[in-house]
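For reference, the structure discussed in these notes is given below.
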C-alpha cells in the first residue's frame with residue numbers, strides 16, 4: 001500500500017466517531033500510523049524541550065519581567081484577563097482581514113480591557129471563534145481529500161504560529177504586535193485563495209476576478225502609503241498617534257525621536273503628554289526629568305525623578321523585589337543620583353541612591369561603576385576599589401571597570417598598578433579611548449624613552465579614529481617636547497589650539513615654547529588669547545607682562561597684567577615684584593621703593609628683592625641731592641596710591657613727610673650694591689594650578705566622557721617655570737624684567753591622575769527602554 005493511501009484523513013476520524021456512536025463497525029486503513037511517524041514525533045518533542053531549556057539557560061533561568069504597562073491584561077483579575085485575551089484574537093483576525101488602522105505599538109491603553117460579560121466586544125470574540133470553528137468543522141466533515149487538506153493547512157498556518165504570542169497559554173510582553181501576524185498571514189492567504197476558487201466556481205468568473213483586482217489594488221495602495229510611515233522614527237510613531245491617542249509609549253517615542261535631534265523643548269511637550277495619558281508610567285517621568293536636565297532646569301528634573309521613584313512598587317517582606325520591578329526602571333536611581341551629585345555637598349545622597357539600586361539588583365553593574373565614581377570624589381578610594389572589584393564578579397570582561405580601577409590606583413599614587421589595569425582595559429577593548437589616552441599620558445610621565453614610543457603609538461591610534469580630538473594633539477606635543485623636537489611640538493600645539501581656541505594648556509605651552517625659542521612676539525597673540533578665555537591664568541599673565549616690558553615696550557599693558565595678578569592673588573610675590581619693576585621703568589622711584597618694601601615684608605627670604613630695594617634707595621638718595629625742578633626728580637617723588645600694589649597709605653604718608661627711605665643701608669653698602677644685580681628668578685609655584693585635561697562631553701553617547709568637567713590647565717608635574725625672571729643690573733643700575741635664559745623653563749605636562757576620565761555611564765542620563773517599542 002502506498003504511504004499516501006495509508007495516511008488517515010479527518011473524514012476517516014469523522015466516520016469512525018459516527019460509527020462508534022451508532023454501534024456500527026468501521027476499520028481504519030492498514031498502516032495509518034506508521035513507525036516512521038513515531039520517530040519523527042519523538043525527535044520533534046525532544047528538540048522542542050531542548051530548545052526551551054537552552055532559552056531558559058540563556059535568560060539566566062529566569063522568565064522576563066513584564067509590567068502592566070507592557071501588557072495590562074496580564075495583571076488583571078479573573079475573568080477580565082480571560083475576556084481581554086480572547087477578545088485580542090478577534091482584533092488580530094480583523095487586522096488580517098482589514099489592515100487599515102495599523103500601529104507600530106499596541107501596548108498600554110491601546111486596547112481597553114474587557115471588564116464584563118456585557119461588554120459588546122464579546123460579540124467580536126464569539127464571532128471570531130465561530131468562524132474558526134466553522135472552518136474546522138468543514139475540514140472535518142469534508143470528504144474531498146484535497147479540499148479538506150487546503151482548509152486544514154490554512155488553519156494550521158494561521159493558528160499554530162500565532163498561539164505562542166496569543167497570551168492564551170502564558171502572558172507575553174505586548175498586547176498586540178503586528179509582526180507576529182507575518183506567519184499567520186500565510187494561512188490566511190491560503191484560505192482567501194481557496195475562497196476565491198470556490199466563488200469563481202459558483203459566481204460569475206469575471207465578477208470574482210474584478211473583486212480580487214480591487215482587493216489587490218487597495219492593499220497595494222495601503223502598502224505604498226505605509227512605507228512612507230517607516231521613513232524615520234518620528235514618522236512611524238506619529239502615524240501611530242493618528243490611530244491611537246491612549247498609548248503613552250507612542251508619545252514617549254515621539255519625544256525620543258525629537259530628543260535625538262536636540263529638539264528638547266518639543267520633546268518635553270510629548271513627554272508631558274505621555275504623563276497625562278498614563279500618570280503612573282515610571283518611564284515617562286524619567287524622560288521628563290532627563291529632558292529638563294538637558295534644558296538645564298535641574299530643579300524640575302529632580303522633581304520629575306523623585307516622582308518616578310515614588311511610583312516604583314514597594315517591596316513586601318519576604319518577596320523578591322527584583323522580580324517585581326522592570327530592571328530598566330532602576331535607571332531612575334542612577335539619573336537622580338547623577339543629578340544631585342553635581343552639588344558637591346550632596347554626594348552622600350547620591351551614594352545612598354546607588355546603594356539602593358544595588359540592593360534591588362545585585363548584578364547592577366551600572367550602579368557599581370557610578371557609585372565608585374562618587375566614592376572617588378569623596379576621597380574614599382579604598383571603598384571605590386572594593387566596589388569595582390565586586391562589579392568584576394558580575395562582569396569580568398567589562399573594560400570600563402578595569403579602567404576605573406586604574407583611576408582608583410592612580411588616585412592612591414600607585415602608578416604601576418594603575419597602568420596594569422589600564423592595559424587590562426585595552427586587552428578587552430583595544431579601542432577604549434580613555435584607556436588609550438590616559439595610559440599614554442602615564443607612560444609619558446614615567447620618563448622612560450622606550451615607553452614614549454608606546455605612548456606615541458596609542459595617541460596616534462586615537463588620532464586615526466578622531467582627528468578633531470584636541471587632547472590627543474596636545475599630548476603628542478608634550479611627547480615631542482620630551483624628545484626635544486620643538487618644531488614638531490609647536491606643530492601639535494598649534495593644531496590643538498586650532499581645534500579648540502580656549503584650550504588652556506595648549507595655549508600656555510605653545511606661548512612658552514615660542515618665548516623660549518626667542519620668538520616672544522609670536523607668543524604674545526597666544527597669551528592674549530589665553531587670558532581672553534581664562535582671565536585668571538596667573539602664569540600666562542606673568543609671561544605676557546614679561547613680553548610687554550622686554551619686547552613690546554608697552555609698560556601700560558604690562559602694568560595691567562601685574563595688577564590683574566594681584567587682584568587674583570594679592571600675595572603673589574612674582575607679580576608684585578614685576579609691578580615694582582614697572583614703577584622703576586617709569587621712574588617712580590618712591591612708589592617702587594614702597595612696592596618693594598611691601599614685597600620684602602611678604603617674602604623676607606627672597607634676597608633679590610632686598611638687593612633691588614637697596615638699589616632703588618640708592619637712586620632715591622642721589623636724586624635728593626640733585627637740584628629742585630629736575631624732571632626726573634619730580635617723577636621719582638610724585639604722589640601715588642600704594643593700594644595699587646597692596647601697600648599701606650599710612651606708611652607712604654610717613655615716608656613722604658620724613659623724606660627718608662625705609663630701611664636705608666649705609667652709604668658704603670649702598671655703593672657696593674649699586675652695580676650688582678644678578679639674575680635671581682622667582683619661580684612660578686607649580687602647585688598653584690591643578691591639572692585637568694580638557695573633558696567636554698561628546699555627541700556620541702557611546703564615547704566615554706570625563707568624570708568631571710574641569711577646564712584644561714597646565715600641569716605642575718614638570719616642575720616650576722621661570723615665566724618671569726628678576727632682573728640683573730644695567731648701566732643705569734635699576735632693576736629690569738628680563739626674558740628667560742634658554743633652558744630655564746619646564747613645560748607643563750598633564751598628569752593622568754588629575755584628569756582621568758570615567759566611562760560614559762558615569763554622569764549620563766539613561767533612557768527608559770520600557771517606553772520604547774515592544
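Cβ coordinates come from backbone N, Cα and C, glycine included.
The feature transmembrane segment is assigned by TrEMBL to 123-141 (among others).
Panel annotation: around the transmembrane segment (148-169), residues 9-11, 71, 73-74, 85-86, 88-89, 92, 132, 135-136, 138-140, 142, 177, 180-181, 183-188, 190-191, 194 of the same chain, lying at least six beyond its termini, place a Cβ under 8 Å from a Cβ of the stretch. Annotated transmembrane segment per TrEMBL: 148-169 (among others), in sequence order.
According to TrEMBL, the transmembrane segment annotation covers 181-199 (among others).
The repeat 'TPR' annotation in TrEMBL covers 248-281 (among others). Outside the repeat 'TPR' (248-281) by six or more residues, the chain places 69, 103-105, 107-109, 232-234, 237-238, 240-241, 287-288, 291-292, 294-295, 311, 767, 771-773 with a CB less than 8 A from a CB of the stretch.
TrEMBL lists 282-315 (among others) with the feature repeat 'TPR'. According to DSSP, the secondary structure content of the repeat 'TPR' (282-315) in residues is 26 helix, 0 strand, 8 coil.
The feature repeat 'TPR' is assigned by TrEMBL to 365-398 (among others).
Taken from TrEMBL, the feature repeat 'TPR' applies to 399-432 (among others). For the repeat 'TPR' (399-432), residue counts in helix, strand and coil come to 27 helix, 0 strand, 7 coil, using DSSP.
The average per-residue pLDDT of the prediction over the repeat 'TPR' (470-503) is 94, rounded to a whole number. Annotation source TrEMBL lists repeat 'TPR' at 470-503 (among others).
Taken from TrEMBL, the feature region 'Disordered' applies to 639-774.
Residues or ranges marked as compositional bias 'Polar residues' by TrEMBL: 646-658.
The compositional bias 'Low complexity' annotation in TrEMBL covers 705-733.
Look at TrEMBL and you will find 748-758 tagged as compositional bias 'Basic residues'.
Mapped onto DSSP helix, strand and coil, the repeat 'TPR' (470-503) counts 27 helix, 0 strand, 7 coil. In terms of DSSP helix, strand and coil, the repeat 'TPR' (248-281) has 27 helix, 0 strand, 7 coil. Secondary structure by DSSP for the repeat 'TPR' (365-398): 27 helix, 0 strand, 7 coil.
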